[in-house]
Structures are given as C-alpha cells and as structure tokens.
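Feature list (source: Swiss-Prot):
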- 1-15: compositional bias 'Basic residues' (COMPBIAS)
- 677-689: compositional bias 'Polar residues' (COMPBIAS)
- 1-39: region 'Disordered' (REGION)
- 477-496: region 'Disordered' (REGION)
- 670-689: region 'Disordered' (REGION)
- 108-143: repeat 'Pumilio 1' (REPEAT)
- 291-334: repeat 'Pumilio 2' (REPEAT)
- 382-419: repeat 'Pumilio 3' (REPEAT)
- 524-562: repeat 'Pumilio 4' (REPEAT)
- 563-600: repeat 'Pumilio 5' (REPEAT)
Amino acid sequence: MPREKQKRGRRAEAKRKRDDVITDPTVLKRQKSSDVSNYPNRSYEQLEIRGDYIPLDEELVDSTGTAFYGLLDIEEQEYFSHASGLLELNQFETEEEKSIFIERVYEEANGKELKIACSQSCSRLMEKLISASTVSQIKRLFSKFIGHFLDLVQHRFASHCCECLFIHAAQYVTSEMKKKSSKEKENLEEDSTSELQLEDLFLKAISELEGNWGYLLTERFASHTIRVLLLVLAGKPLRNPSTTTVIASRKKEYLASKVGTQLDPSISEKQAVPTSFNKALEKMMKDLVTGLDNTYLRALATHPVGNPVLQVLLSVELSHMGKSKAKDADSVLRRLVPDENLQEDGESATFLKGLFYDPVGSRLLETIVQDAPGKFFKLFYKIIVRERIGSFSRNEIAGHVVVRILERLSKEDLKSAMDLILPEVPPLVERSRLTVIKALIERGIVRGVDLGPLAATLLSAYGDDAVSRINNMLKLQRSNKENDGTTSSSNTSSPEQLHGSLLAQAMLKSTGPLCELVQSSLLAVTPETLISIAQDPVVSHVLQDALTLPTSTPQFRRQITSRLSGKIAELALHSSGSHVVDALWPATRDLIFVKQRFAEELVVHERALRDSFVGRAVWRNWSMDLYKRKRGSWIAIAKGLEDSAEVNLNTLTNKPKSNIDLARARFAAKANGSKEPANTPSKKIPTTS
C-alpha cells in the first residue's frame, strides 16, 4: 500500500519554532510571572530561567522538598569510614590520645558536618563523635546545625544525629545553669564574645520547628526527635527504661557504649531545667495539639507513629505539669476522655475499652494508667476494669495493661482482683502467658496479700510431680534438645522459657508455699539436669536466686550445694555457669566446710581457670590467690569476718605501718587541718638514768 506523501524536515522545523518561542524574552517574562506555580521545585524553575547558571550560595532542593547538602567524595568517605572504625574499636592507649583523635576528626569534618549527617555510610560516625564529645565540641556542632533542623529531623540518617545531639547536650544544660547562677551570685560580668549557651541553642532549634508541629507529629523520622525534645524540655530521664521505649524502638543501637563513653549518671535521673525550658515546653505542647480536633487526637492513639508522641505528651502533662492539669478542658487527657463520670455506655468508656485490645493503643492506655490522677484511676477501675479483669487477663495484649493496673491497686482491691483472675490461671499457664501471674505475685508481696490460693492454683496447673513441674515451667525439654544438637543455636531462648524463668524468680521471692514449689523441684531433678540449668543463660538465674535470696534456708542450701560437688570447675569455665559459682560464695557463708571443698576443686584446675576469661573472674571473686598464700585470712573472709572485696592485711597480720604509709598519713592529716594523724605512733623520748 503506498505511503502518504510527507514533507522532509518537518520535525526539525517544528523544533526550531519551539526554540524560537522559548528564547523570546517577552515569553520568558510572562512565564516567570504567571507560570511559576507549574514548577514544583524552585531550584528547577531557576535552572530553566537562568540557563546553566546556578547560584553557589543557594542550596539545592530535591523532589521531596528537603534540602540537599551535597555528597562526600571518595577520599572523604574512606577517611571518615576509617575514623568510625577506629572509634568503634576504641583501642586508644590513653584518654588524651582519644581526645586528640576526636579533635582531628572534627577539624577534618569542618564545613562538611551536614554532608556527614545525611550520609548513609558516615552518619554513624557523627553519632559516635557526639557520644564522645566535650561540651565545647557539642556546642560547636550544635551551632553548625542551627538553621537546618527542619530538614535534618526529617532525614532518614540525619534525624538520628539530631536525637543523639539533643540527648548528649541535655546533660550539660543543668551544669551550665548552675555555673550561670554561681557567676550571678559573685557578680561577675560575662564576656560579651562568649559562645552561646546550650539553653539558647535548644531554644533556637525549637523556634526553627515552630509552625510545623502538625505534620512532624506523624512524620516517620521527625516524630522521634519531637519525643526527645519533649523529654529534654521537661527534664525527664533520657536513659530510664520507662522512657527509652518511647524514644526509640527495641532495635535502636546505642553507640555510646561501643566507643567506650560513659554517660553522665544524671542522664538517668530527673534534671533541673531553666525557666525558659518550661515556657517553651508549654508552648510546644499547646502548638502540637491546638490544630487537632478530638476525633483526630483519638485516631493518633492507634497510629503507629503518632501514638508514641501522644504517650510522651500525656506523661509530661501528668507527671511534669501536675495532676491538676488533667482537670483543664484543653489538656490532652481531657480531650481524649472528655466524660468526667465515665458512663458505662458513654463515648469515653467505649474508647478506653477499645484501647485494651489494640496492639498500638494499649501502650497509650498503659501510660494513662501509670500517670493518671488517683481520682480518675479509681473511677476508671470501678466502671471499666473491675468486673472484666479476668477476661482482660486472658488476652495477650490486654494483659500488659492489667499488669499496670495491678501496680496501682490497694490491698483490698488486689485481693478481689486475684480472686477474679484465679480461674484464668490454668489456661494462662497452658499458653505460657505468665506476665499477669508474675505481677500478682510481686504486688502480693508488696501489699502483704495471702498468696496461698494462688500457690494452690499453680500447683494444680503445673502438676504434683516436682520434676515435671520444673520441666514445664522452665521448658527444660527444649534445652535438652539443644544440648543434643537438634537446634541450630543454643544461645537463643524462646519467650516461653524467659517468662517461665521470670515467674520462677518471682515465686522464689515469696515466703511460703510459692517458694517451696520451686525449691522442691530443684532438689528433685537429677544432678545432670541441675548442671544443665546452671549452664543455661536464661534459666540459670533461677538457680542463682534460689541460692542467694533471703528465702533460701540453710537446709535447702546444704542439699543443693552437695549436688553441685565435683562440677565446680566445669561451671566456672562456662559463661553462664560461672555466675552460679559466684552465687555459691554468699550461699555457703554458714557452710564453711562446703566452701573449702569448692575452693580445693578450683585450685586443682588453676591453670585452666587462668587461661579462661570467665575462669579468671571466678578465681578473683573467690580470692583464690589469698587461699593459696594466706589460708587463715581466706577463712576469715569466708566466714564473713572480713570484707570480701578488700582485705586489710595490716590488721590480720599486725604488720606495722611503713615509713611511706606514715608520711602519707601525715600529709592527709595536714590537708585536713590537723597537725598529727591520730594513728601515728608517738615518738619515744629516751630516758637518762
């Protein structure tokens, strides 16, 4: 079929016409003013208008709207990756050498801080540097981040650097505040050229984020930073187990321990914060929820990203701002639960009941139970929980909320709750859901509730046979299979085995039938099974507690230690068994002949113990060097006549002090303001006949 006749060069002519239209200056001006909204990216628009000219002082913006700070070249990546490896190995000879190395890395990173923070391969170096930095280095880095926090907190890698920076800077805010107050008392004028205080740097960072709280609340990475900021402003502990779970997930890797940095112990305690922090906290909390209606706020309760932020908001509101804040109509708690009387079929009661069974919302309910005012909790327990606590205990998710509820009950309420939970104990034992039972035992010990009915129920659930009882409780059949080589890894433990071990440890803390259930089972098993228990990393804690807790009677300790005779050296060379050997030292405090027999076993295997890391620890904890050289001193320690950690050999042997000891004593006495130390022997004046 003949083709249609077409003119040659039509495409080139059409392209030439388009180029003529674009290069027309009048068209360019109209396009710049009217069609600017068609460009989703401002930098792309400037690139089209200015041709190949890109201003060097302006940052590029990628298609997602976040700033792009550039990439490290290959040499820089290799250098910083090598520095990260050296910091993680932490094989510096002295702290001074480590400080010099960190300062050199900071010098090399000068001007590249934002690139490093946003780098997938080098952002971990930034976290390690922050963990090992001094306060001046943290201030310097904080100042480099100022002006970029809105983009950094939303970045996948830089957000972790921001969290690390805030956490480590928070521990210096209190010390700076104390120094500032002491200077004011002394009426000292501060240098006008001095660097900004961390207090001011924090406030600048918060001011950058203002106006964006609404979408940052549910942003995947920025929400973590918001939680940290709330806790820092409130002065709450940042390394407390109760707050760590809401700051980051369980998979969060804390790099401070890897670089050998010891965090200030005050970071795990409540901090004193400046007055400006309290004002900034109130404004931040108000801005976070002002634009949200009650329906959206309740939806956040089951939102996987927004829920942890809501937990921190509630915790800070109820614990930091006082219980009276809950009465405020604009408070987070009152907006979530507006019904003050909690009617059975009301909207608030329905909302709270739904949180019990939601895997995300139940965590918010735990926070409400922990921190809510007493009046609200009593009403909540009476209307919603009291008659349903048995059914709540059956559910795997609601059981965690029940544990928090049991922690706040009085003795009478705890007794009635236990009566309702007892019928659910056998099915809970069968499915290895033991957290509620463990909480009942622990709270019963604290409140002084009779735990006899619970012991009888556990006896019927686990069976009368002592051997099968301990096997079912600690899941020893699984451990035996691992020892036979049928399991790929013997170091991993199942949740059922862990929960059974924790339940047995709680039972050992109770005097009476609960403790006897575990002790009788440990005495009934064969010595081989007892050794396997001692060598298991999870269930060995049961044997350690059975030996050392006050509920352990001399008769029980005498029987259990005799079954370990001949196996002490084997246990001392095992990573888990060595802890059992350490527990045998206080367990045989009134059984000196047993302790001497164990010491003889250790002496026979001295070479093997000294060649092993855990063996050397056992040798040191048992003071075996003293046993070989000064048997009398060792026996005095073994009987508890002397401190086991530090032996005063001068007292034991009546050895007089040397001249250097006397000189040290005189120097210490002069430092304390006295002329002569009290224990300095008086000089004898020769008498003339």
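Glycine is no exception: its Cβ is also placed from the backbone N, Cα and C atoms.
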Original post:
Taking a Cβ cut-off under 8 Å, which residues six or more beyond the ends of the repeat 'Pumilio 2' (291-334) line up next to it in the same chain?
Top reply: 214, 217-220, 223, 226-227, 230-231, 234-236, 246, 281-282, 285, 351, 355, 358, 360-361, 363-364, 367-368, 370-374, 376
Original post:
Any residues 6+ beyond the ends of the repeat 'Pumilio 3' (382-419) with a Cβ under 8 Å from its own?
Top reply: 342-344, 349, 352-353, 355-359, 362, 365-366, 369-370, 427-428, 433, 435-436, 439-440, 443-444, 447-450, 453-454
Subject >> Counts of helix, strand and coil residues, the repeat 'Pumilio 5' (563-600), according to DSSP >> reply: 25 helix, 0 strand, 13 coil
**OP:** Kindly report the helix/strand/coil residue split of the repeat 'Pumilio 4' (524-562) according to DSSP, in that order.
**Re:** 27 helix, 0 strand, 12 coil
Subject >> Mean predicted confidence [pLDDT] for the repeat 'Pumilio 2' (291-334) >> reply: 88
